[in-house]
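Database features (Swiss-Prot):
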type: BINDING; residues: 154, 179, 201, 242; note: S-adenosyl-L-methionine binding site
């Protein structure tokens with residue numbers, strides 16, 4: 001089925017009005033993207049709080065209409081619905097259904113991290129390398145709201161877990177994924193040989209997503225999720241926290257207490273330039289602190305002092 005697609009730019013402040021107008025005149029679907037994606041001004045949106053829908057400062061908004069829609073009539077209807085909005089920047093084009101679906105799916109290709117960790121969307125066949133007997137494959141849905149491996153903060157943690165497995169430090173261990181989101185890191189740890197994973201997140205939606213992904217990946221028996229108040233008080237040989245730098249600072253004492261003596265921690269969600277203060281903060285409890293960079297993002301790792 002073909003469609004008529006309208007694409008325009010808007011701001012976070014005006015987005016609700018644009019979307020409301022588009023839906024009123026019959027848009028079948030509306031998609032929002034970062035207008036600065038793949039540029040130095042790209043904004044990372046990490047996991048939202050409960051009831052929040054964070055957006056970028058500037059967005060590209062795409063709306064689909066039936067193919068037989070008249071572009072001029074649509075534009076007139078939009079201008080009549082909300083004449084204060086600028087509709088002049090909008091552009092129309094005809095798209096085929098398979099083009100739209102292909103463009104969407106092409107954004108989410110199988111991704112390899114380290115020597116044998118793979119994140120593969122459910123709608124893709126396993127690449128040949130991911131079919132190896134020792135491949136650690138996590139399957140996720142495209143566009144997952146809580147982390148799919150495409151962001152450098154997640155990639156940094158996945159590569160760290162993969163290296164732990166290479167070094168023989170993950171096999172049979174218990175792992176804490178603090179701020180688990182989709183559960184991607186905990187699931188990767190399980191696929192790499194960890195015995196059990198605990199996911200903690202302050203968003204109930206994230207816990208639902210993690211539990212669902214664990215079940216779909218056949219790991220529901222070894223994956224346990226908790227809100228912070230319900231988290232069992234325990235120590236772990238492996239702890240990973242992919243949250244924000246401000247949260248890593250505020251939770252430093254708690255996270256340090258979760259790492260067993262001689263255990264390892266990875267901290268991510270840190271912008272380049274923020275790592276200095278965190279290195280000093282965590283030096284109270286950790287040795288061998290190291291910072292690793294991926295683009296604008298940093299990962300800090302360390303070994304818990306006895």
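Glycine is no exception: its Cβ is also placed from the backbone N, Cα and C atoms.
Neighbours of residue 201 (S-adenosyl-L-methionine binding site), defined as other CB atoms within 10 A of its CB across all chains, total 26. Classification of residue 201 (S-adenosyl-L-methionine binding site) by DSSP places it in coil, neither helical nor stranded. In the three-state DSSP scheme, residue 242 (S-adenosyl-L-methionine binding site) falls into the strand class.
Cβ neighbour count for residue 242 (S-adenosyl-L-methionine binding site): 27 (other Cβ atoms within 10 Å of its Cβ, all protein chains included). Under the DSSP three-state reduction, residue 179 (S-adenosyl-L-methionine binding site) is assigned to coil, being neither helix nor strand.
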